[in-house]
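My questions will all concern the structure given below.
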Amino acid sequence: MAYPFQLGLQDATSPIMEELTNFHDHTLMIVFLISSLVLYLISLMLTTKLIHTNTMDAQEVETVWTILPAIILIMIALPSLRILYLMDEINNPVLTVKTMGHQWYWSYEYTDYEDLCFDSYMTPTNELKPGELRLLEVDNRVVLPMELPIRMLISSEDVLHSWAVPSLGLKTDAIPGRLNQATITSNRPGVFYGQCSEICGSNHSFMPIVLEMIPLKLFENWSTSMI
């Protein structure tokens, strides 16, 4: 999860988030090199008094600054396209969870079970227990098995919402009348926090998301106790 004065991204918990982190570093390095070159050229222009008065054209330079940006854009586009396809790919999910956005809470339905559904509201500040996080805790967590592909079906009952969990690399719009899907695969157990990431009204800031990833055996015990 995020912490005060954090400079980097949240720790990656899913393969997709690991890919996104690597792509961020790859792109940032390219931007850093380009920025350094531009600053170097600007410093040369400000410090030198020499002027090429006889230079009317420079075909070699024009060729370089046409081809080089194209190569750089390709170096950015290819990894980006790969990640886009990976994010859309869903192979044999073991579980499907339907998520509905409301003003201002989330409801969840485990479609593989006959009667396993619940609403998830933010825990008020005056009801928090020691060690719990303000504006991030909920009364009912989404419990899921770790290391297994899980399909999330996301929609909304009223206005636009966005279901986002940064450490899993997830952000999917919840749109009324439309069903979007995303894949979750957690590499490790833990509790992961997210929030609604689309301004949806006066209580937009009070729609937290809490995922609890546990081993499959513990998930089976939990689902049995909930039915």
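The chain as shown is numbered from 1 upward.
Note: Cβ is positioned from N, Cα and C throughout, glycine not excepted.
The following feature annotations were taken from Swiss-Prot:
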type     : residues                       : note
TOPO_DOM : 1-14                           : topological domain 'Mitochondrial intermembrane'
TRANSMEM : 15-45                          : transmembrane segment
TOPO_DOM : 46-59                          : topological domain 'Mitochondrial matrix'
TRANSMEM : 60-87                          : transmembrane segment
TOPO_DOM : 88-227                         : topological domain 'Mitochondrial intermembrane'
BINDING  : His161, Cys196, Cys200, Met207 : Cu cation A1 binding site
BINDING  : Cys196, Glu198, Cys200, His204 : Cu cation A2 binding site
BINDING  : Glu198                         : Mg(2+) binding site
Using Cβ-Cβ distances, find the residues under 8 Å from His204 (Cu cation A2 binding site) that belong to the same chain and are at least 6 apart in sequence, listing them in sequence order.
Trp104, Cys196, Glu198
Which are the residues of the chain, Cys196, Glu198, Cys200, His204 excluded, whose CB is within 8 A of where the CB atoms of the Cu cation A2 site average out, their centroid?
Gly101, Trp104, Val159, Leu160, His161, Ser162, Ser197, Ile199, Gly201, Met207
What same-chain residues, at least 6 away in sequence, bring their CB to under 8 Å of the CB of Met207 (Cu cation A1 binding site)?
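In sequence order, Gly101, Trp104, Tyr105, Trp106, Met122, His161, Gln195, Cys196, Cys200 meet the Cβ cut-off.
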When you average the Cβ positions of His161, Cys196, Cys200, Met207 for the Cu cation A1 site, which other residues in that chain have a Cβ within 8 Å of that mean position?
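Counting only non-site residues, the set is Gly101, Gln103, Trp104, Trp106, Ser162, Ala174, Gln195, Ser197, Glu198, Gly201, His204.
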Using the structure shown, find which entry in Cys196, Cys200 (the binding-site residues) has the sparsest Cβ neighbourhood within 10 Å.
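If we count Cβ atoms within 10 Å for the binding-site residues Cys196, Cys200, the smallest count is at Cys200.
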Within a 10 Å radius of its Cβ, which of these binding-site residues (His161, Glu198) has the fewest neighbouring Cβ atoms?
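Minimum Cβ neighbour count within 10 Å, taken over the binding-site residues His161, Glu198, occurs at Glu198.
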Give the nonlocal contacts of the topological domain 'Mitochondrial intermembrane' (1-14) in its own chain as ranges (CB under 8 Å, at least six residues past its ends).
20-21, 24, 133, 136, 166-170, 184-188, 190, 192-193, 213
